[in-house]
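Engineer: Have a look at this one before I ask anything.
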Amino acid sequence: RQGIGEPSVYHAVVVIFLEFFAWGLLTTPMLTVLHQTFPQHTFLMNGLIHGVKGLLSFLSAPLIGALSDVWGRKSFLLLTVFFTCAPIPLMKISPWWYFAVISMSGVFAVTFSVIFAYVADITQEHERSTAYGLVSATFAASLVTSPAIGAYLSQAYGDTLVVVLASGVALLDIGFILLAVPESLPEEMRPVSWGAPISWEQADPFASLRKVGQDSTVLLICITVFLSYLPEAGQYSSFFLYLRQVIGFSSETVAAFIGVVGILSILAQTVVLGILMRSIGNKNTILLGLGFQILQLAWYGFGSQPWMMWAAGAVAAMSSITFPAISAMVSRNADPDQQGVVQGMITGIRGLCNGLGPALYGFVFYLFHVELNEMAEVETLGKASKPNMANPTDESSIIPGPPFLFGACSVLLSLLVALFIPEHNLTLRSGGHKKHSNGAQTHTHSPQAGGSDGKEPLLEDSSV
């Protein structure tokens with residue numbers, strides 16, 4: 001194997017940490033550049049940019065996940081990290097090109113899909129939920145210090161130094177993948193090594209969605225992911241702007257907020273997640289995470305004081321256990337050679353949310369006349385006077401954060417759907433052939449599947 005040592009979860013953790021640490025550094029400069037580039041309707045344009053990126057991610061995730069099952073994980077880790085980080089240097093070179101390339105980079109913005117498949121390759125079933133929690137916690141850890149570091153360097157030395165540093169961290173991540181990350185998927189586990197034909201149906205995200213509908217449990221899981229991640233994606237795209245403008249947080253306070261919530265999220269996704277999975281089970285852990293998310297979004301929606309944001313942020317940390325628990329549930333019931341396809345499907349749903357969520361939040365902010373004024377004015381006035389509405393007379397007549405209440409309703413629907421997810425592992429439908437019997441049958445699109453091709457459940461009982 002090329003790389004350092006045997007493939008491990010720690011290789012995946014370093015890749016995720018460096019990629020999102022680089023982007024975390026840009027939190028403060030990006031808010032400034034965004035407002036300078038789009039002084040009118042900043043929330044709306046922010047939503048559209050992230051919307052295009054998310055939709056492209058949705059379209060490409062199944063293809064990248066399926067191809068990683070055939071050609072291995074390492075090359076696709078390199079591809080996704082390189083193109084995801086490609087816009088970073090453009091922030092100071094050309095802001096318009098920066099936002100354009102961010103939108104187009106959505107084609108390869110599926111690093112989590114490949115990482116989760118990488119982890120599934122090298123972990124046993126009973127270890128997988130903990131490993132996924134560690135990866136998700138690392139994502140949170142990368143955002144604990146980087147926004148604060150970026151805000152400090154930006155204030156002390158200017159945005160240019162921050163952009164250069166972020167570009168350097170991205171290059172370090174690419175070098176780490178090239179030199180240190182070993183391939184996790186052995187040749188004998190790849191469908192191409194059996195001579196099985198590759199079906200390009202896997203590259204069609206809508207075909208994947210049609211296939212989801214043929215297995216009731218996968219359908220329930222995907223609907224749960226969609227309804228719960230839609231508001232989360234919208235929140236990620238606009239929340240820092242919201243804290244700066246509507247609540248009156250300074251750049252330093254935003255960075256501190258990210259750090260505190262990130263630390264709590266790490267504890268939730270490592271210590272708390274493992275305890276909950278062992279004590280109350282996978283499904284109940286998902287339900288508990290969704291309950292915390294409803295409380296968090298409702299608090300954001302009605303909250304108008306800084307202390308309310310801090311309290312809701314603590315609840316948000318607990319809600320971060322949901323996706324690792326869902327990923328573990330899907331992974332433990334999927335074949336080893338299908339981990340990339342299944343995780344790509346779930347990531348594709350998240351990619352669709354990454355497109356629709358920011359656009360929805362931006363549009364709702366626009367409808368309720370919540371708009372940015374001069375950000376320098378916010379920095380000067382601080383919390384004493386909050387110029388948060390385009391029309392100040394609207395401030396007393398509307399909810400401070402209307403999109404967050406829309407999000408709470410969406411997660412409530414997700415919780416109701418999740419109640420119907422079966423508690424125990426799935427069994428194959430009658431007429432579907434059992435996998436693992438030989439190479440050709442293991443490939444779900446192999447001609448030997450006959451009339452049942454495309455109708456075999458993606459998930460199966462792990463005891464089969």
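From the backbone N, Cα and C atoms, a Cβ is placed for every residue, glycine too.
A TrEMBL annotation is a machine prediction, not a hand-curated record.
In case it's useful when we look at the structure, here is the feature table from TrEMBL:
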COMPBIAS  438-449  compositional bias 'Polar residues'
DOMAIN    8-425  domain 'Major facilitator superfamily (MFS) profile'
REGION    431-464  region 'Disordered'
TRANSMEM  12-31  transmembrane segment
TRANSMEM  43-64  transmembrane segment
TRANSMEM  76-91  transmembrane segment
TRANSMEM  97-119  transmembrane segment
TRANSMEM  131-154  transmembrane segment
TRANSMEM  160-181  transmembrane segment
TRANSMEM  218-242  transmembrane segment
TRANSMEM  254-277  transmembrane segment
TRANSMEM  284-302  transmembrane segment
TRANSMEM  308-330  transmembrane segment
TRANSMEM  351-368  transmembrane segment
TRANSMEM  404-421  transmembrane segment
Engineer: For the transmembrane segment (254-277), which recorded stretch in the set 97-119, 131-154, 404-421 gives the largest number of Cβ pairs separated by under 8 Å?
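Structural biologist: Between the candidates 97-119, 131-154, 404-421, the best contact partner of the transmembrane segment (254-277) is 131-154.
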Engineer: Could you tell me whether the transmembrane segment (12-31) and the transmembrane segment (131-154) are in contact, taking contact to mean 3+ Cβ pairs under 8 Å with a sequence separation of 6 or more?
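Structural biologist: Yes, since the transmembrane segment (131-154) and the transmembrane segment (12-31) share at least 3 Cβ pairs closer than 8 Å, they count as touching.
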Engineer: With the transmembrane segment (43-64) as the reference, which stretch in 76-91, 97-119, 351-368, 404-421 has the largest tally of C-beta pairs below 8 Å?
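Structural biologist: Result: 351-368.
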Engineer: Which sequence positions outside the transmembrane segment (160-181), separated from its termini by at least 6 residues, show Cβ-Cβ distances below 8 Å to it?
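Structural biologist: Distal contacts: 3-4, 7, 11, 14-15, 18-19, 21-23, 25-26, 28-29, 74, 77-78, 81-82, 85, 88-89, 91-92, 150, 153-154.
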Engineer: Counting Cβ pairs closer than 8 Å, which of 76-91, 218-242, 308-330, 351-368, 404-421 has the most of them with the transmembrane segment (97-119)?
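Structural biologist: It is 76-91, which has the most Cβ pairs under 8 Å.
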Engineer: Counting only residues 6 or more past its boundaries, what in the same chain has a CB within less than 8 Å of a CB in the transmembrane segment (351-368)?
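Structural biologist: Sequence-distant neighbours of the transmembrane segment (351-368): 41, 43-61, 106, 109-110, 225-226, 229-238, 394, 398-399, 402-403, 406.
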Engineer: Out of 76-91, 308-330, 404-421, which stretch has the largest tally of CB pairs under 8 angstroms to the transmembrane segment (218-242)?
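Structural biologist: Stretch with the highest Cβ contact count: 404-421.
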